[in-house]
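Annotated in Swiss-Prot:
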| type | residues | note |
| --- | --- | --- |
| BINDING | N239, M268, Y297, H333, S353, R354, G355, D394, G395, L396, R397, E433, Y460 | substrate binding site |
| BINDING | H437, H501 | Zn(2+) binding site |
| BINDING | C581, C584, C589 | [4Fe-4S] cluster binding site |
Amino acid sequence: MSATKLTRREQRARAQHFIDTLEGTAFPNSKRIYITGTHPGVRVPMREIQLSPTLIGGSKEQPQYEENEAIPVYDTSGPYGDPQIAINVQQGLAKLRQPWIDARADTEELTVRSSDYTRTRLADDGLDELRFSGLLTPKRAKTGRRVTQLHYARQGIITPEMEFIAIRENMGRERIRSEVLRHQHPGMSFGAHLPENITAEFVRDEVAAGRAIIPANINHPESEPMIIGRNFLVKVNANIGNSAVTSSIEEEVEKLVWSTRWGADTVMDLSTGRYIHETREWILRNSPVPIGTVPIYQALEKVNGIAEDLTWEAFRDTLLEQAEQGVDYFTIHAGVLLRYVPMTAKRLTGIVSRGGSIMAKWCLSHHQENFLYQHFREICEICAAYDVSLSLGDGLRPGSIQDANDEAQFAELHTLGELTKIAWEYDVQVMIEGPGHVPMQMIRRNMTEELEHCHEAPFYTLGPLTTDIAPGYDHFTSGIGAAMIGWFGCAMLCYVTPKEHLGLPNKEDVKQGLITYKIAAHAADLAKGHPGAQIRDNAMSKARFEFRWEDQFNLALDPFTARAYHDETLPQESGKVAHFCSMCGPKFCSMKISQEVRDYAAAQTIEVGMADMSENFRARGGEIYLHKEEA
């Protein structure tokens, strides 16, 4: 934790400096590689961790080494992870997907923005200094056309996005030759289908079945295609966003870049303060990962924070505004029905979802059904025109373990299943949001209920937190639940930071949350038996046993912290080659002793073999040459 708290001015200045000096940066001893596909422009980025050779013998003067293979890993950092790419936040990222979108010839450019609010903001000269300068001309589907990845998948079309994803999900594991590295324990997949090799056809089939989604708005061409589904790698979402009391555009862009560097597969912009529209534009134009939002937050800002004053018209305008900016998925709390609200009355913590509480208040105030539910088909029509995926929000999720798995939670979940089928009628991609706060023994039921009632649409959960007693450590309490539900089949985990329940996360909190959740997601992949998931673990274990300290640091999810902890007690360069660490010291290192035992056993085997040969030689009378009949 920082010893001195920065002032607001200092925080903004630091963020501005970060943006001004931003350049593509590789992790220690890593390099960016690209694997090309058959579609034009399909060039999939990965990070390859270079390893040092293993000493296998020889003398001090002439040591003998065995090379260790480089380890390819999934990389979410986009251009920010490539030192060869010049970064300019003022201009935004290259439009990777634009040629693919244009080649499909099913979209048209808009001469006028569809949102009244957008037109008002663009006409306000006072916002010129805040506004991103290189605004895109938005596109939408041509009349009568649908431009969603689900629509293409159902038509039997393998898009470049699907091929990109297939290559990416395989993580370059076909490059690994070592049997030691390729060894993997069988997993327990709970019904997930995990093919040894992921093909573009498999991606298409999963999307067509609704078991996976590709969040890819046609107005966010900068994004690198990724997939969310239980038959793929478990993904992690990071939340960022300003509020009425803290954070700025500069800081949110900094957190975006920081999030992608530390492994965020998607980012949700949950801004609720001033300049939501302008902040989101900067984020989208500089994001290599899909961006999600909760549109009701901004709609509420438009009616001065008074939930009762919300209208369908204001919400619809917000959807159009955000869809034309390029938001890839919307969280919509359409399952909070009027008749479900009384079910929360006996709860210990009531309704804890911001979106859920807003809609519950509106329903009770007007004594009418949720207008998001009433207008859900119109929402789907908008999403189908831009390929915005729907993340059906769990507005009645439990906010304490006492309220877990109650009547209100599952009533809403069943309604989300009904809405899923409606969205699929419009070829709109859907995932389902889940809890929340759930003790460990009650977690699996959440997954089985979701699969049954939501027709295997991808599940996306916030944790869940497994205990309520650890404010300041809720990244850990929730990481336990996240690993479990990821193993059971959850497709994406929404990170929780140490600041959960306490305040808005800063840059370091974002990193802590992401590292915790990358651990949870990876542990789930291992438990499911995802092909190739164990390669990095095996490489780390081999480096650890061989005291290759630099390789251990570089293989870590956070190389910098691993190195820093080691160097607190052994900072000298000699410590990087020592066959011990400060935990046990040179005489009690279990791995050093284990190596000595192994060497001793090998020597003993040789000695036993030589003794046997000697005994055999003496038994034959000491003759050097055998008689022909004996040979």
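Backbone N, Cα and C define each Cβ position, glycine as well.
Long-range C-beta contacts of G395 (substrate binding site), restricted to its own chain and to partners at least six residues apart, with a cutoff below 8 Å, comprise H333, G335, V336, I351, S353, G355, G356, S357, M359, A360, E412. Mapped onto three states, the DSSP output places G355 (substrate binding site) in helix. Considering only the residues assigned to substrate binding, N239, M268, Y297, H333, S353, R354, G355, D394, G395, L396, R397, E433, Y460, the longest pairwise Cα distance works out to 20 Å. When each of the binding-site residues R397, H501 is scored by how many other Cβ atoms sit within 10 Å of its Cβ, H501 comes out lowest. The binding-site residues Y297, Y460 differ in how many other CB atoms lie within 10 Å of their CB, and the one with the most is Y460. Sequence-distant contacts (6 or more apart, same chain, Cβ under 8 Å) of N239 (substrate binding site) comprise V267, M268, L270, C494, Y495, P505. Annotation for H437 (Zn(2+) binding site): same-chain Cβ neighbours under 8 Å, separated by at least 6 residues, are R397, P398, G399, S400, I401, D403, A404, G463, P464, L465, D468. Rounded to a whole value, the Cα-Cα separation of Y460 (substrate binding site) and H501 (Zn(2+) binding site) is 20 Å.
Comparing H501 (Zn(2+) binding site) with Y297 (substrate binding site), their Cα atoms are 18 Å apart once rounded.
Secondary structure from DSSP puts Y460 (substrate binding site) in a beta strand. Of all Cβ atoms in the shown protein chains, 23 besides its own fall within 10 Å of the Cβ of G355 (substrate binding site). The DSSP secondary structure for H437 (Zn(2+) binding site) is strand.
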